[in-house]
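Notes follow the structure.
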Amino acid sequence: MTELLGKEETLRLLNSLEDAPPVSIRINPNKWIEENAFIELKELLPIPWCNNGFYLSERPRFSEIPQFHGGAFYVQEASSMALHAVKSLLTEREPMVALDLCAAPGGKSTLLRDILPDKSVLISNEIVPARAHILCENMIKWGHPEQIVTRSAPAQWRETGLLFDLILVDAPCSGEGMFRKDQNARAEWSIDAVDTCAKRQREILDCAWPLLSPGGVLVYSTCTFNIKENEEQLDYLVQRYGVQPMALDLDVPVSAHGKHICYRFMPHLTKGEGLFMAVLQKTDGMDIKKINISAGNTKKGKQISRPPMITDDVKNWVGNSSGYEWEMDKEGIVHAMSNTVSEIKRRLFDKNIEVLSFGIAVAENKGRKWMPAPALAMSSRLNRDIFDIYDINRQDALKYLKREAIIVPESIKKGYVLITHKNLPLGFVNHLGNRSNNLYPSHWRIRHLSETGTDD
């Protein structure tokens, strides 16, 4: 570290690692509710490099805030929100297809989803099974319809034939930037770990580069300090692939330790943890026309099927559903999706890429009737006018989120009722008159009211 910063600045960095880490959140622009929605979160202070990011004066018990479970905000480390600066490079572009190759737990993926041009599709991928399911839950709760969640090794993507306009590689790293907030990161660090991570990062980058369309943008980031996992990886990309590093409108120090423009967030200089980020453009083949994803015919994947006849009543559960395709997954859940999501998903199925979530999960067939899927309540395309709504207080909201029974007034007609808290949808119940069945998913339920948060 002394080689990187010098003796005096290294001492400042080491001293900063003993300070309490700042707490920050990023709000969901599609679920922001003005009237007292965040009364539990005291003294929100804006994060300079992210429009929707805020510092908190103290760390609350996030598991006791219903809006956290409803996807109204994401607990995210402030430096990680620097990805928001990439938005300025995307404003003039047409709808894009983007890939977050190492996406769990979902902080950067949800942020990337917010800054992509309208009608863009994001694929969020994670190879580790347990982390992939956490990613899936977080992306579903964020509620955007134009997204797909997958579990796959980076090398498998070459087989799909897909090209991406933007690829994010938030690479697995030695975690030096997390030393302040995570004691385990300190205990697990070693020189061998740095070498292992650097090798793995290079393998991932070599997998990612051929997937990038001509003129496409690659974002590379780590949460570590050393040059080997950062500037040296950037040098490798420039030398091997002739990439063009891109400048961002970021008021943070530009790294002085490499030949090419890149950015470092250091806890003794910025209010956040350690982060390295570089943005690169693929200049080779920019005169080549990109393949239209919607063009061509692909055989139907083995894991999907046409759903049984869906009534217009069910289709109306999704707002503006006339342009959507409808398909049933292997679990019997009917999904609504755009043509682009549908075509990408078919290609993934054909190449045995495991798809965990796609489009909008709308309904499940229950004999002669349809039951709304829990994910529908999380979707920004939920048609709230279709359902009776029961808005509950915080105490009842926490009971609902623990999958306990809540009492629905008899004045509300029998059937599926949308449960909200301060106008934010949380899920559904099946109201039977004298009682109601809680339809919140078991794997989402609160098990212990203790502090939680993803802090990606």
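Keep in mind that glycine also has a Cβ here, set from the backbone N, Cα and C atoms.
So that you can see what the record holds, here are the features copied from TrEMBL:
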DOMAIN    1-283  domain 'SAM-dependent MTase RsmB/NOP-type'
BINDING   Cys102, Ala103, Ala104, Pro105, Gly106, Gly107, Lys108, Glu126, Asp170  S-adenosyl-L-methionine binding site
ACT_SITE  Cys223  active site, nucleophile
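On the structure: features taken from TrEMBL.
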residue : record                               : CB count, 10 Å
Cys102  : S-adenosyl-L-methionine binding site : 24
Ala104  : S-adenosyl-L-methionine binding site : 27
Gly106  : S-adenosyl-L-methionine binding site : 28
Lys108  : S-adenosyl-L-methionine binding site : 24
Asp170  : S-adenosyl-L-methionine binding site : 24
Cys223  : active site, nucleophile             : 26
Do you see any of the binding-site residues Cys102, Ala104, Gly106, Lys108 whose C-alpha is within 10 Å of Cys223 (active site, nucleophile), and which ones?
none
Determine, from DSSP, whether Asp170 (S-adenosyl-L-methionine binding site) sits in helix, strand or coil.
strand
Considering every residue in the domain 'SAM-dependent MTase RsmB/NOP-type' (1-283), what is the mean pLDDT value?
91
Over all pairs within Cys102, Ala103, Ala104, Pro105, Gly106, Gly107, Lys108, Glu126, Asp170, the annotated S-adenosyl-L-methionine binders, what is the largest Cα to Cα distance, rounded to whole Å?
13
Provide the three-state secondary structure of Lys108 (S-adenosyl-L-methionine binding site) computed with DSSP.
helix
